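Here's the structure, in structure tokens; my notes come after.
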Amino acid sequence: MGYRVAVVGATGNVGREILAILEELNFPVEKMHAIASRKSKGVEVSFGDRTIKCEDIEQFDFSSVDLVLMSAGGAVSREWSEKIGKAGPIVIDNSSAFRQDPDVPLIVPEVNPDDAKLARKKNIVANPNCSTAQLVVALKPLHDAAKIKRVVVSTYQSVSGAGKEGMDELWNQTKAIYGLGDATPKKFPKQIAFNVIPYIGSFRDDGYTDEEAKMWEETHKMLDPSIKLTVTCVRVPVFVGHSEAVTVEFDRPIAPDEAREILREAPGVQVIDKQEHDGYITPVDAAGEHAVYVSRIRKDPTVEHGLSFWVVSDNLRKGAALNAVQIAQLLDETGVITPSSGYRTLTV
Ligand SMILES: NC(=O)c1ccc[n+]([C@@H]2O[C@H](COP(=O)([O-])OP(=O)(O)OC[C@H]3O[C@@H](n4cnc5c(N)ncnc54)[C@H](OP(=O)(O)O)[C@@H]3O)[C@@H](O)[C@H]2O)c1
């Protein structure tokens with residue numbers, strides 16, 4: 001017995017990873033549907049050793065599936081997720097559309113698995129922003145050990161966080177600059193090849209960007225609203241893998257060795273931390289992997305109880321597809337969904 005599953009956005013960066021990870025983690029699938037826009041109808045995508053043809057979202061009957069993994073952007077989610085939830089299946093949504101909805105749990109299974117019990121309120125579960133997901137996996141075990149008061153984060157976010165078009169722009173611009181071709185920015189606001197851009201999303205009135213605000217809003221919802229966070233999000237010319245320089249202020253002393261021990265025991269985290277060149281992780285090392293890597297743990301001597309460290313993870317995996325599949329596993333393990341359950345009445 002398995003689930004009838006639809007992956008919406010199946011031709012995209014995240015959708016393709018979802019299909020790969022469902023297979024890698026042996027999620028019980030009875031029937032798989034790949035869904036995308038009308039223009040992709042009939043396009044073949046891989047699912048395990050099979051290829052399946054994409055179906056048009058407009059023509060698909062969502063009441064025929066148990067689970068929908070949605071990664072087609074905020075506008076598509078806003079139009080479809082509630083309608084799909086009302087038709088029966090649970091939607092695990094990768095966009096930001098429902099993350100702050102009080103009736104939609106926002107879940108990283110290592111951090112707040114108990115929120116799975118809220119999944120049937122709207123039949124929607126939200127997956128966090130890629131940078132927040134890897135951050136909270138590292139912060140949660142430290143916060144349990146020594147309460148976190150304040151966090152300062154600078155991100156180094158790869159172009160795959162901006163979808164297929166982001167990856168194409170870095171590739172084409174790099175070739176164009178070498179070959180004296182047209183390197184005009186299209187997807188990003190400035191040249192991304194051989195450059196870094198301290199702007200992701202859109203500007204808010206307070207001078208931050210919405211990408212930066214997502215990081216504190218989502219950390220507050222999942223971990224603890226009392227943690228103060230200040231964030232600078234930066235796009236860098238890396239294809240896959242987001243990095244973060246993190247400085248944390250605790251309410252009691254915590255030595256780097258104690259933090260290493262705590263993080264070594266923590267689910268989803270791998271500590272790679274030696275003062276040698278194999279002793280820290282870069283995005284290239286993390287691409288294709290499941291872990292959130294923590295390196296360069298050291299005391300911050302400028303505050304009373306401070307630590308600084310470096311966090312890296314594959315943004316398409318823990319930052320999106322892997323976390324979505326782990327949410328599906330959590331819903332299965334906790335009985336929120338059962339294989340081929342078909343239509344269910346909402347229990348609010
Ligand atoms: N990339 C990341 O690191 C990351 C992390 C967390 C969350 N997310 C979120 O995940 C979502 C997808 O990101 P991505 O990187 O996979 O983007 P992407 O590579 O640009 O792929 C977008 C997907 O959405 C589909 N789509 C677009 N418009 C559609 C429509 N009107 N109806 C049905 N399908 C439509 C596209 O299908 P066509 O090929 O047919 O256009 C494609 O399959 C976004 O909400 C993003 O914010 C991404």
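In case you wondered, yes, glycine gets a Cβ from its N, Cα and C as well.
Curation plays no part in TrEMBL annotations; they are all automatic predictions.
Mean per-residue pLDDT, taken over the domain 'Semialdehyde dehydrogenase NAD-binding' (4-119), amounts to 97. The annotation domain 'Semialdehyde dehydrogenase NAD-binding' is assigned in TrEMBL to 4-119.
Other Cβ atoms within 10 Å of the Cβ of N13 (NADP(+) binding site), summed over all protein chains shown, number 22. N13 (NADP(+) binding site) carries a helical DSSP state (H, G or I). Annotation comment: TrEMBL describes T11, G12, N13, V14, K39, S40, S160, G161, N315 as NADP(+) binding site.
The annotation phosphate binding site is assigned in TrEMBL to R99. Every protein chain shown contributes to the tally, and the Cβ of R99 (phosphate binding site) ends up with 21 other Cβ atoms within 10 Å.
The active site, acyl-thioester intermediate annotation in TrEMBL covers C130. Under the three-state DSSP scheme, C130 (active site, acyl-thioester intermediate) falls in the helix class. All protein chains included, C130 (active site, acyl-thioester intermediate) registers 27 other Cβ atoms within 10 Å of its own Cβ.
According to its DSSP assignment, R235 (substrate binding site) is in a strand. Here TrEMBL flags Q157, R235 as substrate binding site.
Look at TrEMBL and you will find H242 tagged as active site, proton acceptor. Neighbour list (H242 (active site, proton acceptor), Cβ cut-off 8 Å, at least 6 residues apart, same chain): C130, S131, Q134, T155, Y156, Q157, S158, G161, P283, V312, S313, N315, G319. DSSP gives H242 (active site, proton acceptor) a strand state.
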Residue counts (helix, strand, coil, in that order) that DSSP gives for the domain 'Semialdehyde dehydrogenase NAD-binding' (4-119): 40 helix, 33 strand, 43 coil
Entries of K39, C130, R235, H242 (recorded positions) sitting next to ligand 1, with Cβ under 6 Å as the cut-off: K39, C130
Those binding-site residues listed as T11, N315, and which of them has the most Cβ atoms within 10 Å of its own Cβ: N315
Alpha-carbon distance [R99 (phosphate binding site); N13 (NADP(+) binding site)] in Å: 20
For S160 (NADP(+) binding site), the number of other Cβ atoms found within 10 Å of its own Cβ: 26
K39, R235 as binding-site residues, winner by CB count within 10 A: R235
Rounded inter-Cα distance in Å - R235 (substrate binding site), S160 (NADP(+) binding site): 10
